[in-house]
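Participant: So Swiss-Prot says this about it:
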- 5-29: coiled coil (COILED)
- 164-194: coiled coil (COILED)
- 16-32: compositional bias 'Acidic residues' (COMPBIAS)
- 48-145: domain 'RRM' (DOMAIN)
- 1-40: region 'Disordered' (REGION)
- 220-244: region 'Disordered' (REGION)
Amino acid sequence: MVKAGELVEQQKAAMEEEANAEAAEDQEEPEDTACSSSSKKKKKVVPGIVYLGHVPPRFRPLHVRNLLSAYGEVGRVFFQAEDHFVKRKKKAAAAAGGKKGAKYSKDYTEGWVEFRDKRVAKRVAASLHNTPMGARKRSPFRYDLWNLKYLHRFTWSHLSEHLAFERQVRRQRLRAEVAQAKRETDFYLRNVEQGQHFLAADGDATRPNSSWTFTQRPTEQEFRARKAARPGGRERARLANVEDQARSNRGLLAKIFGAPLPAESKEKP
């Protein structure tokens, strides 16, 4: 009986120990889940973008990736190429100066660098701004300074939209220029055709027997002839001639006899 009682007590003790162990595991599980959730929150990283305002000649995305990778993980890099007009102008200036073409014919004006962590991007932009690009003495970018700016709340999708908008504006400007050039060409061709028809109708001015015809304003004699040709115009013309002769005779008599003209005598008191 004693042995049976001891066995029962041992079984009860074992069952109590198992229950305590399960309760302890149940208490540890929410703590583990809380730790895992906090670790996930800590591991959530937001990327940041740094704007590169100055890109020296022969500076490529590979160079900026190699230089900035020492401070943090670098993601995507994009450089904006210079305009084709500027590129052609540089080539023309180099050809006029007798210089050989550069090995790297393509240069860039600005760039964007994406860091995996925005905190690293802020730190890099704050620490490297206005500092030399190249640390070595033989570096070709030693005398160029970093021009960095952290873009707050700026994502890569914003950059893609901005570049797409610029491309659309460039296409619209190109279409407008092409339309303007077409209008000017059509206007020139129309003028050429009109000139050819004009020369064919009136003759070529370069030939000695040809002549140009132009409509001019009629003279005073032509005006009088037209008025006289109208009904009653001859009588009016005769009366006008008589009045002119009388006016001239009156002035001649006044000069001979020294008498004032009738109009002058009326005006004087």
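Cβ atoms are placed via backbone N, Cα and C, with glycine included.
Since we're looking at a predicted model, the values are computed, not measured.
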Participant: Residue counts in helix (H, G, I), strand (E, B) and coil for the domain 'RRM' (48-145), per DSSP?
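Facilitator: Breakdown, helix to coil: 32 helix, 23 strand, 43 coil.
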Participant: Summarise the model's confidence over the coiled coil (164-194) as a mean pLDDT value.
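Facilitator: Within the coiled coil (164-194), the model's average pLDDT equals 91.
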